[in-house]
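This report concerns only the one structure given below.
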Amino acid sequence: MGIAKIPAVLWLLACAVLTFAVAISPAHGGRTRRHYDFFITETNYRRLCHEKSVLTVNGQFPGPTIYARKGDLVIVNVYNHGNKNITIHWHGVDQPRNPWSDGPEFITQCPIRPDGKFTYQVIMSEEEGTLWWHAHSDFDRATVLGAIVVHPKHGDTFPFKRPDKEIPIILGEWWKNDVNHLLEEMKRIGEDVKPSDANTINGQPGDMFPCSRDDTFKVAVEHGNTYLLQVINAGLTNDMFFAVSGHRLTVVGIDARYTKPLTVEYIMIAPGQTMDLLLEANRSLGSKSNSRYYMAARTFITLPVPIPFNNSTATAVVEYYTGDSGAGPPDFPAVLPSLDDVDAAMAFLRQLRSLGSKDHPVHVPTHVDEHMLIDLAINFLPCNATNATDTACKGPKGNTTRFAASLNNVSFVSPAIDVLHAYYYGSGRGVYEDDFPNNPAPVFVNLTGDNDRPGVTKHGAKVKVLEYGTVVEVVFQDTSFESHPMHLHGFAFYVVGLGSGKFDDRRDPATYNLLDPPYQSTVSVPKAGWAAIRFRADNPGVWFMHCHFDRHMVWGMNTVFIVKDGKTPQAQMLPRPPNMPKC
């Protein structure tokens with residue numbers, strides 16, 4: 001019987017069974033195996049008084065949560081019953097020696113075609129905490145996404161008070177239009193993508209949006225209990241501030257790496273990032289006290305010009321068990337920063353520190369082998385830069401240009417076959433060039449104003465090749481009018497420095513934190529500022545690095561690190577699986 005003939009209710013029930021009845025195999029090579037089946041399908045969802053068909057996994061939006069323990073092997077069978085090509089990325093999972101299952105389209109694999117199947121082997125290593133998975137093709141991750149929760153190994157414990165309950169909180173965005181139609185229009189006319197119609201918390205916009213109040217996500221809490229909020233910013237275009245009215249939040253992890261406990265009124269979380277937050281349900285339940293509190297997510301935006309942006313805030317409701325059916329409206333978090341509060345964002349980011357305990361030590365490299373300064377730029381190219389007959393261009397600067405983006409003056413263009421395939425078989429010629437520059441071309445950049453760099457870019461698939469074990473320091477220098485969440489596949493890195501203005505290589509390294517810097521896989525590079533990261537290139541393979549604002553990735557703010565094999569078998573990339581999708 002074809003899947004299309006199964007009644008919708010039975011289909012969703014079957015998917016739910018497959019999602020939650022996860023097979024756990026005996027340990028293999030010291031790893032416990034966990035098995036999941038993901039079915040990509042078109043599913044109708046109604047939001048903001050409007051129904052549309054979206055791609056989902058197992059009919060769910062957000063998709064199913066993957067549960068694992070540190071060091072497990074998670075095997076995910078992906079069946080593409082949708083109407084377009086797709087890939088899945090396991091965001092923040094290092095995947096030691098296994099780029100074959102990392103997921104970015106045309107970087108480590110060709111996409112899974114409609115009616116096709118691919119089995120991902122997701123190798124957990126040092127991660128503990130919250131990560132996530134998402135589509136890594138076009139704008140599909142708007143709805144094809146879900147949480148990954150990695151618990152400590154059996155016998156180990158959290159390095160903080162054990163929570164009474166864990167609650168995944170996925171922050172996202174919703175468009176009334178088809179997101180991939182918006183993507184195609186953006187590419188066709190060279191303009192920015194239309195802003196989303198709503199922010200969401202676990203797929204719901206909340207009480208402040210039309211036709212949404214009945215479905216607002218609710219969290220039931222009991223006085224005296226502790227809750228672990230596993231917060232993920234899955235948005236395509238927006239940094240977000242997040243807070244819970246009447247409650248402080250204690251940050252205990254970021255990107256599945258533990259932090260020193262940091263108690264705050266709010267957080268700022270960039271797209272791609274995850275944070276583990278402890279919430280103490282400690283509010284008084286007296287006769288005059290409210291028992292309902294808003295959990296709120298508001299966009300943080302640094303763009304200098306007015307845009308048609310709906311800055312209403314997504315909300316969920318934290319409700320105390322009181323037995324009072326007549327509880328009043330929830331309180332709103334007055335501490336939530338305003339839409340453009342750069343100081344609030346920087347104040348939060350500067351406080352993050354790695355835990356640095358005996359069981360979770362810090363190993364910041366003190367000697368650097370390879371220094372890289374990478375300019376992050378938004379560019380404007382002539383409308384006919386890539387097509388001499390371009391007549392549809394309606395981009396900025398009086399409809400004479402189209403948007404582009406670059407790293408060190410190079411706008412990355414994905415090849416027709418994946419980079420990993422070409423590298424593995426020694427056939428990179430004509431697929432990629434291995435001369436990504438360590439420094440930007442000398443161009444004057446005014447960081448005191450709202451800068452852009454018209455025309456200072458070229459298209460290409462340039463990659464950076466690293467010897468195994470090389471210690472790399474990358475300084476990201478923002479030269480544009482907004483911040484950039486930079487994500488590196490295959491590695492976590494230490495964020496050793498963060499600052500405003502132009503990086504000074506004589507002065508700023510003296511300000512680095514080499515004692516307990518946060519250990520992340522996505523860093524928010526401040527507008528007209530810089531961020532310095534360090535990592536050891538000890539994971540052989542092909543690894544994508546890109547801005548996690550998806551429109552910037554489409555415009556070319558990407559590159560690839562190729563890490564060569566080391567000398568021992570355990571320092572060499574795993575063999576190519578036999579079932580890789582074909583281009």
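The backbone N, Cα and C atoms fix where each Cβ goes, and this holds for glycine too.
Keep in mind that this is a model prediction, so the values were computed, not measured.
Other Cβ atoms within 10 Å of the Cβ of His487 (Cu cation 1 binding site), summed over all protein chains shown, number 24. Residues annotated as Cu cation 1 binding site in Swiss-Prot: His89, His487.
Swiss-Prot lists His91, His134, His548 with the feature Cu cation 2 binding site. Mapped onto three states, the DSSP output places His91 (Cu cation 2 binding site) in strand. For His91 (Cu cation 2 binding site), other Cβ atoms within 10 Å of its Cβ number 27.
If you look up Swiss-Prot, you'll see His136, His489, His546 marked as Cu cation 3 binding site. In three-state terms derived from DSSP, His136 (Cu cation 3 binding site) belongs to neither a helical nor a strand segment and is classed as coil.
Annotation comment: Swiss-Prot describes His484, Cys547, His552, Met557 as Cu cation 4 binding site, evidence class similarity to another entry. According to its DSSP assignment, Cys547 (Cu cation 4 binding site) is in a strand. Listed in sequence order, Leu376, Ala405, His484, Pro485, Met486, His487, Met553, Met557, Asn558 are the same-chain residues six or more apart from Cys547 (Cu cation 4 binding site) with CB atoms under 8 A from its CB.
Here the domain 'Plastocyanin-like 1' (39-155) is broken down by DSSP into helix, strand and coil counts: 6 helix, 59 strand, 52 coil. Annotation source Swiss-Prot lists domain 'Plastocyanin-like 1' at 39-155.
The annotation domain 'Plastocyanin-like 2' is assigned in Swiss-Prot to 165-323.
When other Cβ atoms within 10 Å of the Cβ of Asn85 (N-linked glycosylation site) are tallied across all protein chains shown, the result is 18. Marked as N-linked glycosylation site by Swiss-Prot: Asn85 (among others).
What Swiss-Prot records for Asn282 (among others) is N-linked glycosylation site. For the recorded site, Asn282 (N-linked glycosylation site), the DSSP three-state label reads coil. For Asn282 (N-linked glycosylation site), the same-chain residues lying six or more positions away in sequence with a CB closer than 8 A to its CB are His223, Gly224, His247.
Summarising the annotation, Swiss-Prot assigns N-linked glycosylation site to Asn311 (among others) and lists sequence analysis as the type of evidence.
Annotation note: Asn384 (N-linked glycosylation site) sits in a coil segment as assigned by DSSP. The N-linked glycosylation site feature in Swiss-Prot is assigned to Asn384 (among others).
The N-linked glycosylation site feature in Swiss-Prot is assigned to Asn387 (among others).
Taken from Swiss-Prot, the feature N-linked glycosylation site covers Asn399 (among others). Shown in sequence order, Cys383, Cys393 are the residues of the chain, 6+ apart in sequence, with a C-beta less than 8 angstroms from the C-beta of Asn399 (N-linked glycosylation site).
The feature N-linked glycosylation site is assigned by Swiss-Prot to Asn409 (among others), with sequence analysis given as support. Asn409 (N-linked glycosylation site) has a Cβ environment of 17 other Cβ atoms inside 10 Å.
Sequence annotations record features per position, and here Swiss-Prot assigns N-linked glycosylation site to Asn446 (among others).
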DSSP-derived class (H/G/I helix, E/B strand, else coil) of His487 (Cu cation 1 binding site): strand
Predicted model, mean pLDDT over the domain 'Plastocyanin-like 2' (165-323): 92
His136, His489, His546 excluded, remaining Cβ within 8 Å of their centroid (Cu cation 3): His89, Asp102, Gly103, Pro104, Ile107, His487, Phe544, Met545, Met553, Asn558
Neighbour-count leader, CB within 10 A, binding-site residues: His134, His546: His546
CB-centroid shell, 8 A cutoff, Cu cation 2 site His91, His134, His548, site residues removed: His89, Trp132, His136, Arg141, Leu145, Ala234, Pro271, Gly272, His487, Thr522
Inter-residue Cα distance where the pair is Asn85 (N-linked glycosylation site) and His546 (Cu cation 3 binding site), in Å: 21
DSSP three-state assignment for His552 (Cu cation 4 binding site): helix
